[in-house]
Structure formats: C-alpha cells, structure tokens
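Undergrad: Pasting a structure here, questions to come.
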Amino acid sequence: MRIAIYPGTFDPVTNGHLDILKRATEFFDEVIVAVAVDSNKTTLFSLEERIQLLETAAEELSQVKIRGFEGLTVEFARQCGANAIIRGLRAMQDFEYEFQLALMNKKLAADIETIFLMTQSEFSFISSSSIKWAASLKGNISEFVPPHVERAIYKKYHPEIDD
C-alpha cells in the first residue's frame, strides 16, 4: 500500500490545500493529512477545530485520513507507515524553503521521499495568512475556502455577524 502524509498547520484549510490533497490521492492509496501542533505559531483555530474543518472538507475523499501530530514530520510519517511527504508549492519563495526542508528530512529519514505538487494557477496566491487578514477586515473570502470554513473564520473574527 502506498501511503503519504500531507503535513501543515491548515489554519485554516484553503481551496489550494484541498486541490493539492485531491491531486495527491491520484498517486497514493492513502493520504494522511497531518495537522501540526506548532508551538512557534499562534493559530486562529485549535488543533481539534482544524481537524474538524479538514474532515468536513475532505469527507468525499475516501482514501484521506486526518490526524493531528506534534514533533518531527518524518517521525510521524514513519509512525503512519508512509514513504512520502506531499508538499504544495505556490511560487519560487515556497520552493527555496521547501527544498531546504526536504533536504533536512532526507538526512533524517533517507527512506522517505518528499514530493512537490505545484498549485493550480488559480490558487497560487492563496495563503491561510492572507485569508485570515482579509476576513478580519470583513473581506469576501468565499472563493478561497469552502463555505463551512468561511463561516467558521467569520465567527472567530466577527461573532456579532449572523450566518
């Protein structure tokens, strides 16, 4: 069985993340979305909330599982029996960072490959940070995230607004 993990903080999950996830399922029997606990980042959503948002977003993808993790990505990959790490790339800036990360992961776990998938052009500018920024200013984010994620973000930033 070919198993990959797709790690990230997913705060929040975006349509760009989902595009990479759907495309990854074409290459692997199982893709585990590895939702990271990152003590270096302040997240809008708790780990449990991020997992729930992803489970709802990926409910039609039968070979996808969602799990939280803390620690080294390659160690989590080993625990899951995965032999690949999926990473999405939007631009050159992503590549430089991701390339360094992939080299470090290869040194730590030579048996685990990092596979880069380029985002579709319509998602190349989307980031969780920019979506949160726009939502905090009551901007329209409906084309960047699934509807349930949009509602959850607005509830966080603007609890006074009804659905």
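Glycine residues also receive a Cβ, built from the backbone N, Cα and C atoms like all the rest.
According to Swiss-Prot, the protein has these features:
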BINDING   T9, F10, H17, G88, L89, R90, E98, F123, S124, F125, I126, S127, S128, S129  ATP binding site
BINDING   T9, K41, T73, R87  substrate binding site
SITE      H17  site 'Transition state stabilizer'
Undergrad: How many Å separate the Cα atoms of K41 (substrate binding site) and S128 (ATP binding site)?
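TA: That separation, Cα to Cα, works out to 13 Å.
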Undergrad: In sequence order, what residues of the same chain, 6+ apart, have a Cβ less than 8 Å from the Cβ of R87 (substrate binding site)?
TA: Y6, P7, E98, L101, A102, T114, I115, F116, L117
Undergrad: Let me check the 10 A CB neighbour count of K41 (substrate binding site). How many other CB atoms are there?
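TA: For K41 (substrate binding site), the count of other Cβ atoms within 10 Å is 9.
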Undergrad: Can you check which residue among the binding-site residues L89, I126 has the largest number of Cβ atoms within 10 Å of its own?
TA: I126
Undergrad: Quick one: what's DSSP say for T9 (ATP binding site), helix, strand or coil?
TA: coil
Undergrad: According to DSSP, which of helix, strand or coil covers L89 (ATP binding site)?
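TA: DSSP call for L89 (ATP binding site): strand.
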Undergrad: About how far apart, in whole Å, are the alpha carbons (Cα) of H17 (ATP binding site) and T73 (substrate binding site)?
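TA: With the alpha carbons as reference points, the distance is 18 Å.
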Undergrad: Going by DSSP, is S124 (ATP binding site) sitting in a helix, a strand, or coil?
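TA: Note: S124 (ATP binding site) is coil by DSSP, not helix or strand.
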Undergrad: In sequence order, what residues of the same chain, 6+ apart, have a Cβ less than 8 Å from the Cβ of T73 (substrate binding site)?
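TA: Non-local contacts for T73 (substrate binding site): I5, P7, A34, A36, I85, N105.
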Undergrad: Over all shown protein chains, what is the count of other CB atoms within 10 A of the CB belonging to T9 (ATP binding site)?
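TA: Other Cβ atoms within 10 Å of T9 (ATP binding site): 18.
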Undergrad: Which one, from the binding-site residues S124, S128, has the smallest tally of other C-beta atoms lying within 10 Å of its C-beta?
TA: S124
Undergrad: CB neighbours of H17 (ATP binding site) within 10 A?
TA: 23
Undergrad: What is the total of other Cβ atoms whose distance to the Cβ of E98 (ATP binding site) is within 10 Å?
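TA: Its Cβ has 16 other Cβ atoms within 10 Å.
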